[in-house]
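Here the structure comes first, spelled out in C-alpha cells, and everything after it is commentary.
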C-alpha cells in the first residue's frame, strides 16, 4: 500500500493541529474532573485466592467478624509508669470515644480484661482498634477521628504513636517529579541545543502524564490499586513520555536539516521513529498487562496503573506531538543554547562511527568483556530474598516508624508482625474436649522453634474454633520468621487437627500473607519471564524479518535485566551504599522483580527497535552488514544516550519519595536503563553483530512468507519505499520524494543501489540460494 497509518495520522495532526491540541486539552480536563468525582482510593489489599493465609482470613471473617477487619495499633509510651491511674483513665476515655464510631468493630485496652499488653519495664502499652472492614473500605475521616481521640492521652505527658494497615495512604508529592523534570530540561537542552526543541517533548510528556494519572484514579474506583501504584505509574509515564517524544523529535529535526519541509518531515518522523516507539510501547503495555496471568489482583492492578500511563504516552506521541511540531514548524531550532552539528550528507557522528568501527575490528574481546561484566553485576541475584519490608523501613519522621521502634524495643521484634493461627477442631467433640485440644495446641505452638510467645486462645461462639496470636522471635522480614511459618504449616498444625473430622488449621496475618505472596511470585516468575521473552521474540521477528536478531535481543535484554537485579539486591538487600540513597536494608519486595522485569524488558525493546530499525534501513540500502551497524549506531547513539539520560534522571529522582518500594523501582529502572544504553547498545550490540555478520538477518523462506506485517509497514516489503500521497514521485531523490514510510533510505538520502536486498526472497545479500 502506498500510505501507512502513522503517516496518515501525522498528516491529519499537522493539518488540524489546533483541533488536536484543543481535543487534548478537553480530554485532560475532562479526565481530571471525572477522576476527582470518582474518588478512587488506593490501598494495599493483598488477596491470594487459595493461599493458606487467605484461608485463615476467611475463617476470621466467618467465625470472628470483629477480628476480620484491618486494625490500628496504638502505642503509648511514658517515661514513668504507663499504667498510672492518670494514663489509664485517659486511655479508657479514648477507647470509649473510639467505640462510638460505626466503623469500629472493637477497641481493646492494653490493661485488660484479658492478657495485658504492657511491656516488662512498664513504660510502653499497646491498645488495638479493630475496624469493620479492610483498609481500603475504612473512611479516612474515621481513622483520623480515632487518632484524635487519643489526644488527651498525650496531655498526660505520654507519647502516642500509631501503626497498622489502615494508616497506609497514597504517597503524596515528594518533589521528585519536579526534580526529575528539571533534570530532564537540562539533558534535553544539551541534546537539542534549542529551547523550543526541548519544550516539545516535555509538554507532550506532561499532557500524557496528566491523562494517564487521571485514568489511574478512575481505575482505582473500579478495582483496588496499591498505594505505590500512582507513583510508579507517574515515574514510568514521565520517563517513557519524554523518551518517546525525544526519539520522534530527533528524527524530525534530521529530516528538517536534510531539506524536508515540516509538512514532509513530521510524517517521516512518525513513520520511522514513531513506528519504533509504537512497537516498543506496545511491548511495554503487553508485558505489564501480562501480570494479570499470575492471578494476584494486587500485582495486576499495579501493572494496570503503569500500562494506562504508557498507553497515554503512545497516544500523545502519535497525535499531540505531531500537532505541536507543526505549530513550531521550521522555528523548532530557535533560541539555540549551542549549535549542534548535523552531517547532512551522511548523518554520521564521527566519534561514534570510529568507536563502532573499533569494536567491530576487535569483536571477541569486547563481546567477552561486556558479557563478563554483565554476569558479574548479576551475581548478587543468586542471593535474592523476597519479602515485604516492615514498619522499620518506613520514613523516620512517620508515626508508623516510631510505633514500630517502640514495639520492637519494648515488646520484641516479633510483636511488629505477629502471626494469626486459626484451628477448627470440627464438630465431633464437646466444648470441654475442644478446650483441651486448644490448650494442647497452644503448648505445641509455644514449644515450636522460633516462637517467642503464644497468647491464650479465644474460642468462637460455636465452641469449635480457636484463635491464637503467635509471636515470632524475629521481625516480619527476617528469614527465621518465614521458616517458622512453613514449620507451623508443615509440622505442627497438621497433627493438631489430624484426629478431628473436618478439622483444619491455618496461619494468617499480614506477615504470613507477605510470605505467601513471595512464595507465589517466586513460583510464577519463571513461566512469566518465558512468556514475556517469547512475546518480545515474536514481535521482533515480525518487525525485522529475522530469527537471529530477536534471539540476540532476548539474550541481551536478559543480561541487562539480570545485571539490574543484581545491583538492586546488593544495595537494597545487602545494604551496599543503601545509606547514600536513604534506604534501609531488607528483603526485596516480593512483587518488585516481576514488575521490574515486565517494565524493563519492554523498555529495553525501545532502544533495540530504534537502533536496529536504523541499522536495517542501512542494510537494506547497501547490503553491507558492517557498514550498516556503524552507520546505524552513529546515527542513533547520540539520541539513545540523551533518551537514556532523561530516563535515568527521571527514575533516579524518585529516590526522594518516602516509599521504599518506589525507591527500589526508581533505582532499578535507572540502573537498568544506564546499563542497557551504554554497555549493551554501544559495546555488546556492535560486537555481536560483527561476529554474526550477514547471518544476523537470516530467516527461513517458508517462515518469512507466513509472517504478518505490523501496522505501518509497507506492503511491498521491508526494503522498498512507499511515497506519501501528495509528495513528488517516489525515488527521484528530491525533496518531493517525501517521507519514506518503512525505513528505506535515511531521511534525505537517495538509494545508492539499483537493486536492494529483498526480504521476501529469504536470502542474505551476496549469498546463493
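Every residue, even glycine, has its Cβ placed from backbone N, Cα and C.
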**OP:** Among 178-199, 332-353, 398-419, 420-441, find the range that TrEMBL records as transmembrane segment.
**Re:** 178-199
**OP:** Determine whether the transmembrane segment (206-225) and the transmembrane segment (178-199) share at least three Cβ pairs under 8 Å, counting only pairs 6 or more apart in sequence.
**Re:** no
Subject >> Segment confidence, the domain 'SSD' (202-327), expressed as mean pLDDT >> reply: 91
**OP:** Using a Cβ cut-off of under 8 Å, list the residues of the same chain at least 6 residues beyond the transmembrane segment (591-612) that approach it.
**Re:** 232, 236, 240, 243-244, 247, 273, 276-277, 279-281, 283-288, 290-291, 294, 296, 298-299, 302-303, 306, 384, 386, 517, 521, 524-525, 528-529, 532-533, 536, 539-540, 543-544, 549, 553, 556-557, 560-561, 564-565, 568, 632-633, 636, 639-640, 643-644, 647, 661, 664-665, 668-669, 672-673, 676-677, 680-681, 685
Original post:
When you scan the chain for residues with a C-beta under 8 Å from the transmembrane segment (364-382), skipping those not six or more beyond its ends, what do you find?
Top reply: 559-560, 562-567, 569-570, 573-574, 675, 679-680, 683-684, 686-688, 691
Original post:
Under 8 Å, at least 3 Cβ pairs, sequence separation 6 or more: does that hold for the transmembrane segment (666-692) versus the transmembrane segment (525-542)?
Top reply: no
Subject >> Helix, strand and coil totals (DSSP H, G, I; E, B; other) for the domain 'SSD' (202-327) >> reply: 112 helix, 1 strand, 13 coil
Subject >> Surrounding residues of the transmembrane segment (633-654) on its own chain - C-beta under 8 Å, 6+ positions past either end >> reply: 176-177, 179-181, 183-184, 187-188, 190-191, 231, 235, 238-240, 242-243, 246-247, 250, 347-350, 352-353, 356, 603, 606-607, 610-611, 614-615, 662-663, 665-667, 669-670, 673-674, 676-678, 681-682, 685-686, 746
